[in-house]
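Colleague: TrEMBL feature annotations, pasted as is:
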SIGNAL    1-20  signal peptide
DOMAIN    274-366  domain 'Transglutaminase-like'
ACT_SITE  CYS282  active site
ACT_SITE  HIS340  active site
ACT_SITE  ASP363  active site
BINDING   ASN403, ASP405, GLU452, GLU457  Ca(2+) binding site
Amino acid sequence: MFLINLSCVLLALKIANVNWQSKLNKAAHHTSDYSSTEAILRRGQAFSITLHLQTMVQSGDNFTFIASTGPSPAESQRTKAVFNLSEEGASGWSATQEPSEPGCMNFTIFSPANAVIGRYKLKLQIGSGNKVSSTLLGEFVLLFNPWCPNDDVYMANEKERQEYVLNDSGIIFQGLEKYIQQEAWNYGQFEEDILDISLAILDRSLNHRQDPAADVSNRNNPIYVSRVISAMVNSNDEKGVVEGKWNGKYCSGTNPLQWSGSVTILRKWYRGRYKPVRYGQCWVFAGVMCTVLRSLGIPTRVITNFNSAHDRNINLSIDKYVDISGKTLHLTEDSVWNFHVWNESWFIRRDLGSLYDGWQVLDATPQERSKGIYQCGPASTRAIKEGDVNLDYDSSFLFAAVNADYVTWIHYSNKRKERIYSDTRKIGKFISTKAVGTNSRVDVTANYKYPEGSLKERQVYKKALKLLAVRSTGKRTKITRRRRRSSVLILDASPVIGQDILLTLALRNLTSDFKNIRVKLRASAILYTRRPKAEILGGNSVSISIAVKEISFKISYSQYKNSLVDDRKILVTAVCETKQGASLLVEKDIVLQDPFLTIKVLGPTVVHKAVNVQVTFTNPLSEVVTDCVLRAEGSGLIKDQLRINVARMAPMESSTVQFEIIPYKSGTRQLQVDLVCIHFSDIKGFVMLDVAPA
């Protein structure tokens, strides 16, 4: 029970304490999961308070409530509401008195569905004759309300509300379009301090520092709030939460691959006096933003776009250049990432019209400035699908991310260049998110674009080009793949880190130009952005006759072990040339698989009862491994991340670690385990647990 002792005389009325009916209100407002004794409420919905009195109410007393938020509350800014009993104020706030026991007064207070969100103070002002006195009844936090039909963030489906507002764990999809991997993420939006941190993020924004009153006044609008959060989750302009890094070593911070959730990151930023946390990449920015927006009450999910275009000049064309050995040349700032992760939030678009209501794309990864700041969105998925690239916010950049053409050129030493192929279908594949209620993958590509190759898709692309004033270089014809598809690189088996990689170049449907060819093979360790970081094979060549249909290659562990980056990705290219000068290029992205990590929970999981967890993993390398750390976390299961040092492991040796958890919340919970080692990148695993009430 949440009580405030006042012992304050208000003319003839003396209040002993205020009962904020915490349990009742939190259940009604779907805020019971927040780890806080504070009153946490949702706008557009009534809440109850009880005043316990030491003296009787006088018949002539007039009651006026004042709700205020922000540093300079004002009725004109909608940050202050003054309302009397049984009368709805101009602000939309109202209060009614309910039947009560002797010595008590029960009130029901109603906030409007468009109220400013944030931390409020509630005062009671009592007038008796010409005398007026007031007292502070307490503070409460007001959030967006997806359960309220009049709220801009209203979501009609209860299962979707459970997933996109109340689920505190999830899955972020990564990998390649043909090798999609699940990575668990602990959102933890209800954990201790997280709501306070989310409100602090708003208060640290550039908008708030420039004009606090105007900033707080705009916090009734999910369009405004989500855009501010997209700027504040990265540190580029506003000393926000996470500092991005895609190059070099991570010695002065944490490797982005080692994060498993948002809670540790947000607490580190908050307790470190708002110093940006090092380091993040796209899935980290998206995971953190999902936590913050869900904590504030905005339905949010994480989206992965495979083969995601970064179109710097927004001309809807991504040009890639390679030399005659297959080496990538950096002659353009455009790029295609194996995958990119962003967010979608659900709300209506009063600024654009009802056609554009629903899922809105937001991206906190600092790629390009928008109106001078590294922020992106919200952009309506409907606007992206329809090619309405002139609409706010950043719809042109996001349209290109899922729709740009991919053109590959060979750049010769004499500065001559030859277009090898133009692919109109490569970009924006298998756009994915976690399913409602399960960890399955749902493909949402149809929300972003019409079927590839359809007449409607062509029309939308041309419409976008016209709106962007991009001069078309010709007709956007069907996919041109004659040369590329005449040969393919095939993996003989899915390689595990520590093993050799076996590849076959299969030559198919070659024209008469390719009777005798020279094949140059190159392999590079790459980041998930497809940026080469280290060379593994440097243009090895072999001459063959067209009679040879297959050529086998091997990349040994000894060749790649010192070049492999933490992403565990390798790009293999084969350039086939003839004496007549005809060329074809074949590419293969490879992700080295982690060895398996198994998690066993040795008993039933019950709130406040200890249970042991057993984790077994194997050293995948043919060398001794030392200095490993096993980490575990999970909202409702472990309050602070658990770290266990792992002893020396011999080559290919299996090891078992056992630890204890004491669940503190019931329901379906996600336990994540992560083996961190300097010899190889993280080995991760997770298990879903059904925790019974005590």
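Heads up, the Cβ atoms here are built off N, Cα and C, so glycines get one too.
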Colleague: Among ASP363, ASP405, the recorded positions in question, whose Cβ has the most other Cβ atoms within 10 Å in this structure?
Modeller: ASP363
Colleague: If you take the centroid of the Cβ atoms of ASN403, ASP405, GLU452, GLU457, the listed Ca(2+) site, which other residues of that chain have their Cβ within 8 Å of it?
Modeller: THR424, ARG425, ILE427, GLY428, LYS449, ARG458, TYR461
Colleague: Report the nearest neighbour of ASP363 (active site) in space among the recorded positions CYS282, ASN403, ASP405, GLU452, GLU457, comparing Cα positions.
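Modeller: Of all the candidates listed, CYS282 is nearest in space.
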Colleague: Which residues of the same chain, at least 6 positions away in sequence, have a Cβ lying under 8 Å from the Cβ of HIS340 (active site)?
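Modeller: Sequence-distant Cβ neighbours: CYS282, THR304, ASN305, SER308, HIS310, THR365, ALA401.
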Colleague: Measure from the Cβ of CYS282 (active site) and count the other Cβ atoms within 10 Å, all protein chains considered.
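Modeller: A count of 27.
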